[in-house]
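J.: Dumping what TrEMBL says about this protein:
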TRANSMEM  7-26  transmembrane segment
TRANSMEM  46-67  transmembrane segment
TRANSMEM  79-102  transmembrane segment
TRANSMEM  108-126  transmembrane segment
TRANSMEM  147-167  transmembrane segment
TRANSMEM  187-205  transmembrane segment
Amino acid sequence: MKQKKSWWILIIVSLGVMTPFVLPYLNVDPANSRITITSNTIQYPLLLTHILFACAALITGFLQFVTRIRIQHPKIHRYLGRVYVMSVFISGLLALPLIFYMENFTKSLAFLTLSIVWLVTCWNGYRAAVKGRLPEHRVWMVRSFGITLVAVSARLLMPVLLLSYYILSGFSLPGGRAQMVEETLNVNIWVGLLLNFVIIEWIIVKKIKHEK
Ligand code: HEM
């Protein structure tokens, strides 16, 4: 019944990583946006709503894996589960139009893949719960939340990727620092997605082996 220590560490690290990225959006001022706002119509409202629901998905997602809530308070688990699913759908769908504002193909394709995988894994988890297929529900929800955490891992990976860029460029910065950051931001989602995918599937295989 006791929650693993590593779980609490993951919560603290994730919230610690995401808070500084979310804070500039809380005063609802496009001038504080970390990404360039190129249209003064729907881009910023879409981004803001995406971020707010993504935060809800992150927080409720973490709570869904707290053993005490899941086992002792199934009603709360079901309620939070609905909030998680709704937040992923809203946030994931809003990410789609945001992709059209991106100029780089590698980056936009990464976000497109991430959005689709986020929506599909969550939908599969939701459908399995509604149909009462609980083992399947658990596996898909582990996948879904692992994809939610790409937002964290992609940001955490940035220092490693910046260093790799520097090393792979022969210990030099041919296009300067700005180009290094830009090129790294074009691939960090891909690397985060791949890393999380491998970790999630590894956890699932380990769990299945353990249960046999
Ligand atoms: C996992 C699925 C997710 C997808 C597909 C996604 C998609 C996007 C997209 C397309 C943008 C615009 C990026 C740009 O134009 O450069 C964005 C920005 C943002 N997203 Fe998400 N997102 C996801 C998860 C999350 C989560 C879980 C959070 C956590 C709270 C989050 C927080 C943010 C923030 C803060 C920004 C603004 C960019 C920044 O300041 O770094 N996203 N997201």
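Glycine is no exception: its Cβ is also placed from the backbone N, Cα and C atoms.
Caution: TrEMBL annotation is automatic and unverified by curators.
Computed from a predicted structure; not experimentally measured.
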J.: Using Cβ atoms and a strict cutoff of less than 8 Å, what residues sit near the transmembrane segment (7-26) while being 6 or more residues removed from its termini?
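T.: Cβ under 8 Å, 6 or more out: 32-34, 47-48, 51, 55, 58, 62, 65, 149, 151-152, 155-156.
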J.: So which residues does the transmembrane segment (147-167) touch in its own chain, when a touch means Cβ under 8 Å and the partner is 6 or more beyond its ends?
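T.: Distant contacts of the transmembrane segment (147-167): 13-14, 17-18, 21, 54, 57-58, 61, 88, 114, 117-118, 121, 173, 180-181, 183-185, 187-189, 191-193, 195-196, 200.
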J.: With a Cβ cut-off under 8 Å, give me the same-chain residues at least six positions beyond the ends of the transmembrane segment (108-126) that come close to it.
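T.: Contacts with the transmembrane segment (108-126): 84-85, 88-89, 92-93, 95-96, 98-100, 102, 136-137, 140-141, 143-144, 147-148, 150, 186-187, 189-190, 193.
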J.: Apart from its near flanks, which chain residues at least 6 from the ends of the transmembrane segment (79-102) lie with a Cβ under 8 angstroms of it?
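T.: Residues 38-39, 42-43, 46-47, 49-51, 53-54, 56-57, 60-61, 63-64, 69, 108, 111-112, 114-115, 118-119, 122-123, 125-126, 129, 144, 148.
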